[in-house]
Amino acid sequence: MDKLVIEGGVPLTGSIEVSGSKNAALPILFAAILPEEPVTITNVPDLRDIHTTLNLLKVLGCDCQYENGQVRIVPGSLLPEAPYDLVRTMRASVLCLGPLLARIGQARVALPGGCAIGARPVDQHLKGLEQMGASFQLEEGYIIGRCRKLTGAHITFDMPTVGGTENLLMAAVLAEGKTVLENVALEPEVVDLANFLCACGARISGQGTSCIRIEGVTSLHQATYPVMPDRIEAGTFLAAAGITGGELLLHNCPYDELESVILKLRSMGMEITQQGSGVLARCCAAPLRGTDVKTQPYPGFPTDMQAQIMALMCLAQGASVVEESIFENRFMHVLELMRMGAQIKVSGHTAMVRGVQKLTGAPVMASDLRASASLVLAGLAAQGVTEVRRIYHLDRGYEHIEHKLNAVGARIRREKQ
């Protein structure tokens with residue numbers, strides 16, 4: 001098992017290329033089950049979850065090749081089972097449920113794993129697919145789904161759900177008739193999936209709004225499609241510029257999709273501007289100013305940036321408040337930040353942060369993907385040496401993060417524990 005050793009206190013300066021979005025790439029890879037012809041997907045990040053997904057697609061009967069950020073997927077005779085050994089490490093694996101039912105009318109998918117940040121149930125996925133004609137049972141930890149032919153339906157989600165929207169969107173493109181999805185997730189990654197499906201011949205309208213309409217087609221065809229840039233990785237690097245008092249130019253940065261994050265970072269004293277196709281971020285206030293954040297579905301402040309902005313709050317002047325309204329148990333990074341000298345008090349879904357003058361390097365342990373990023377940010381700003389352990393979480397969502405940060409002045413090395 002690896003750890004990152006970080007020597008803090010160095011302002012980061014230079015440029016970073018933002019990778020393709022993991023959260024967009026994963027559903028697009030599963031959607032590649034749907035066409036009967038080969039598809040090519042570009043700008044795919046080199047991440048553990050990506051390779052786990054490709055291994056799962058191979059088990060399901062696809063031929064997959066990954067090289068230099070490009071994936072070519074050739075569909076074969078599909079098999080229905082997504083085994084536990086692959087699914088246990090990654091929640092997104094449940095996204096093969098809709099495509100398998102649409103293509104072959106059956107699926108046997110192990111209940112998924114992934115980050116341990118509270119209950120993220122799949123009940124809305126199943127309820128929607130049942131309205132389209134599927135039936136389900138749970139046996140020995142597997143969701144077993146069957147259908148003759150999915151048919152269009154008018155489905156309203158109880159609450160916006162990214163995974164549920166994506167699963168039903170993929171199922172509906174090959175369903176018979178029209179499907180209307182209401183109260184859907186607005187996240188850009190959902191829009192990217194819809195755009196990929198349209199590139200393959202799907203008939204979809206309304207993506208990016210609360211109501212998506214799909215007219216089922218009999219088949220999808222080949223396409224080449226670039227994955228959108230990763231807004232959470234970009235937000236993390238913006239935060240890195242702020243917490244170290246540096247200046248970073250991010251290339252391939254999704255500025256519009258980061259509006260809620262950029263507004264908060266500006267309120268803390270950062271200057272963030274568009275520079276052509278890039279975004280320039282620098283810290284203008286020393287120290288940063290405290291702010292309040294409430295996580296919300298897009299276009300609100302993303303829960304996947306909550307841990308990172310909390311790291312900045314730890315060194316900001318005055319008090320800050322974080323309200324986590326999306327997931328429970330997503331404050332597990334708090335105790336680790338406190339080991340470094342942060343002053344944080346948690347009450348239910350709210351964390352109150354009082355800024356301190358300095359953080360001190362310490363051994364810390366990552367509990368999930370974004371908590372890992374928070375601890376790396378804290379380590380970059382801390383005095384002394386920080387060891388971030390259990391970084392396999394980090395490798396699930398950040399492409400070569402230590403190489404990118406070292407290229408702009410950080411002092412990070414990967415070691416075996």
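Just so it is clear, glycine is given a Cβ too, placed from its N, Cα and C backbone atoms.
Around the Cβ of N23 (phosphoenolpyruvate binding site), 23 further Cβ atoms fall within 10 Å across all displayed protein chains. According to Swiss-Prot, the feature phosphoenolpyruvate binding site maps to K22, N23, an assignment based on sequence analysis.
Feature annotation from Swiss-Prot assigns UDP-N-acetyl-alpha-D-glucosamine binding site to R91, R120, P121, V122, D123, Q124, D304, I326.
Marked as active site, proton donor by Swiss-Prot: C115.
Look at Swiss-Prot and you will find C115 tagged as 2-(S-cysteinyl)pyruvic acid O-phosphothioketal.
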Rounded Cα-Cα span from Q124 (UDP-N-acetyl-alpha-D-glucosamine binding site) to K22 (phosphoenolpyruvate binding site), Å: 22
Taking just the CA atoms, what is the gap between I326 (UDP-N-acetyl-alpha-D-glucosamine binding site) and N23 (phosphoenolpyruvate binding site) in Å? 17
Any idea what DSSP makes of V122 (UDP-N-acetyl-alpha-D-glucosamine binding site), helix, strand or coil? coil
Secondary structure at N23 (phosphoenolpyruvate binding site), reduced by DSSP to three states: helix
Taking only the Cα atoms, work out how far P121 (UDP-N-acetyl-alpha-D-glucosamine binding site) lies from N23 (phosphoenolpyruvate binding site), in Å, as a whole number. 18
Between K22, R91, which of the binding-site residues has its C-beta surrounded by the fewest other C-beta atoms within 10 Å? R91
